[in-house]
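Got a structure for you, questions after.
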Amino acid sequence: MSTSRTTTNNKRHTKHVFVTGGVVSSLGKGLTAASLGQLLIARGLNVTMQKLDPYLNVDPGTMNPFEHGEVFVTEDGAETDLDLGHYERFLNRNLTANANVTTGKVYSTVIARERRGGYLGRTVQVIPHITDEIKARILAMGDPDEHGVVPDVVISEVGGTVGDIESQPFLEAARQVRQEIGRENCFFIHCSLVPYLATSGELKTKPTQHSVAELRSIGILPDALVLRCDREVPEALKTKIALMCDVDTDGVVSCPDSESIYTIPETLYHEHLDTFLIRRLDLPFRDVDWTGWRDLLDRVHHPEREITVGIVGKYVDLPDAYLSVVEAIRAAGYAHRTRTRITWITSDDCTTPAGAATALGGVDALVIPGGFGARGIEGKIAAVTYAREHRIPLLGLCLGLQCVVIEAARQAGLEQATSTEFDPGAAQPVISTMAEQQAAVSGQADLGGTMRLGSYPATLEQGSLVAQLYGITEVSERHRHRYEVNNAYRTQIGQRSPLIFSGTSPDGHLVEFVEYDRAVHPFLVATQAHPEYKSRPTQAHPLFSGLVAAALAAAVTDA
């Protein structure tokens, strides 16, 4: 039974844990924070998480995927950092817009307040006004949730690297939080690189020492260090680092590279990071309940079968652009005790029949994920054609649904079928701009934060494949799009092609799901939504699970 507090029993302070990074970026702070959160939940605590992003963008919604990676959409429609996807998957809970704080959001709020006269004529400065706004957003994560439950622990990851000029207001705010709520209610974890020099055969501790010195110079004394390395850090080196960085030996944790990100909680558990933190913060706890996670790790490390899943996309040079899609595919594989090997396929390589045959010939299943713009679109449509003709299981997501509809429309005699996104003057726009998106598309309104975002309900056709996969006919999925199936062409496409419009918005206006009759194709399903955002490693999403099951069934048939 959870020891979480409610608003009627609020005697114990919410504890705040801050995770910072040093030496280099991309150390895995987000995964470390999420893994610690999972561990604390396994000990019966209520945990929520937050990402503090130093960039000046209000959110990543308008950022190039090559710049930022995936944009993760929350239930309430916030476009956030991809680390929130890790948080949701590891904690198995939905987060909100409040879980992602950017410099852009903070400055926008402070400047708007100044314009309204909220500072009563005072000079607005980084300290205290910007830091106060950051602190308010951090402390607000400790408020009761919609069920009246107050979290036991809030874990806040500070993006960037200690020493970055952009991170300074966030680190100063974190320092002030510790001062305000009491040191007994606050815990700092610093992730640092311990590089291995092959020429000398040594692990070097000096970068970590310098990084901690930089952190201490701004008033933050780390309580624990997570040492990132490509191998185990010996106890002697951990003792040396503890001495030189003035950290308890029990608080120096080795976290080497691992085959699967889902083994990180187990690594931190064996290093006793959770027990050290619980002891320091005087948290109530129980023995770790590993039941669900151990079953997951057994499936991760002991697959019984293997399939290859191709992802046909525009941004495949940066796999992080499709991070949640990859994790959803892997989770579906775990559910079926199957290793899923991911093959990255550039959509431009599939434009011709010969190119599609070369690029797609060795895959057992295909996923066509979301994206924007005309580049590579004909390759995605050609990939749909190849999958349809060769009966390869295919799942289309967002833009993937639109490609499936365009391909079916061309089968139905609409040879010029396309989307107004790719050709605003299209003669046969089977995909068109949503009415409420016209202003943004025409440049008369902001692009950022104006798409159809967040969770929306859909009604599935009784007896359809998607209804069978979900097990229900009323579902809810997250969205991020401006374009929709043009209802003027629905009847013609439905009558002249095997495509079935198997799910719509409750009012029947928006097409949300399409599929092919199973007599025509074993598994060709697409959704306007982004179901990958709701997948969990311990609970595969039904659509991805269905894709993997179809690929396994096809492999048995072929054998």
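Every residue, even glycine, has its Cβ placed from backbone N, Cα and C.
Not my notes, these are from Swiss-Prot:
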- C398: active site, nucleophile (ACT_SITE)
- H530: active site (ACT_SITE)
- E532: active site (ACT_SITE)
- S25, D164, I165, E166, K204, T205, K206, P207, T208, Q209, K240: CTP binding site (BINDING)
- S25, K204, T205, K206, P207, T208, Q209, K240: UTP binding site (BINDING)
- S26, L27, G28, K29, G30, L31, D83: ATP binding site (BINDING)
- D83, E157: Mg(2+) binding site (BINDING)
- G371, L399, G400, L401, Q402, E421, R482: L-glutamine binding site (BINDING)
- 308-557: domain 'Glutamine amidotransferase type-1' (DOMAIN)
- 1-283: region 'Amidoligase domain' (REGION)
Identify all same-chain residues not among S26, L27, G28, K29, G30, L31, D83 whose C-beta atom falls within 8 angstroms of the centroid of the ATP site's C-beta atoms; report them in sequence order.
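Those within range, site residues removed, are G21, T32, A33, E157, C191.
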Give me the mean pLDDT over the domain 'Glutamine amidotransferase type-1' (308-557), rounded to a whole number.
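Mean pLDDT, the domain 'Glutamine amidotransferase type-1' (308-557): 91.
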List, in sequence order, those binding-site residues among L27, E157, T205 whose Cα sits within 10 Å of the Cα of K240 (CTP binding site).
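Qualifying among L27, E157, T205: T205.
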In whole Å, how far does the CA atom of P207 (UTP binding site) lie from that of H530 (active site)?
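The separation of the Cα atoms works out to 41 Å.
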Tell me the Cα distance separating L27 (ATP binding site) from K204 (CTP binding site), rounded to the nearest angstrom.
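Counting only the Cα atoms, the answer is 16 Å.
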Identify which of the binding-site residues S25, S26, T205, Q209, Q402 has its Cβ surrounded by the largest number of other Cβ atoms within 10 Å, counting every protein chain shown.
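It comes out as Q402.
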What is the set of residues, excluding G371, L399, G400, L401, Q402, E421, R482, whose C-beta falls within 8 angstroms of the centroid of the C-beta atoms at the L-glutamine site?
G370, F372, C398, C403, S419, I431, H481, Y483
Same-chain residues six or more away whose CB lies under 8 A from the CB of G371 (L-glutamine binding site)?
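In sequence order, the residues whose Cβ lies under 8 Å from that of G371 (L-glutamine binding site) (at least 6 apart) are G313, K314, Y315, K380, C398, L399.
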In Å, how large is the greatest distance between any two Cα atoms among G371, L399, G400, L401, Q402, E421, R482, the listed binders of L-glutamine?
14
How many Å lie between the Cα of T208 (CTP binding site) and the Cα of G400 (L-glutamine binding site)?
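With distance taken Cα to Cα, G400 (L-glutamine binding site) is 45 Å from T208 (CTP binding site).
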Where's the emptiest Cβ shell within 10 Å among the recorded positions D83, E157, E421, E532?
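Each of the recorded positions D83, E157, E421, E532 was scored; lowest Cβ tally within 10 Å is E421.
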Identify, among the binding-site residues G30, P207, the residue whose Cβ has the fewest other Cβ atoms within 10 Å in this structure.
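Result for the binding-site residues G30, P207: minimum number of other Cβ atoms within 10 Å at P207.
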So, in DSSP terms, is C398 (active site, nucleophile) helix, strand, or coil?
coil
Could you state the CA-to-CA distance between D83 (ATP binding site) and Q402 (L-glutamine binding site) to the nearest Å?
28
Measuring Cα to Cα, how far is E532 (active site) from E157 (Mg(2+) binding site) in Å?
23
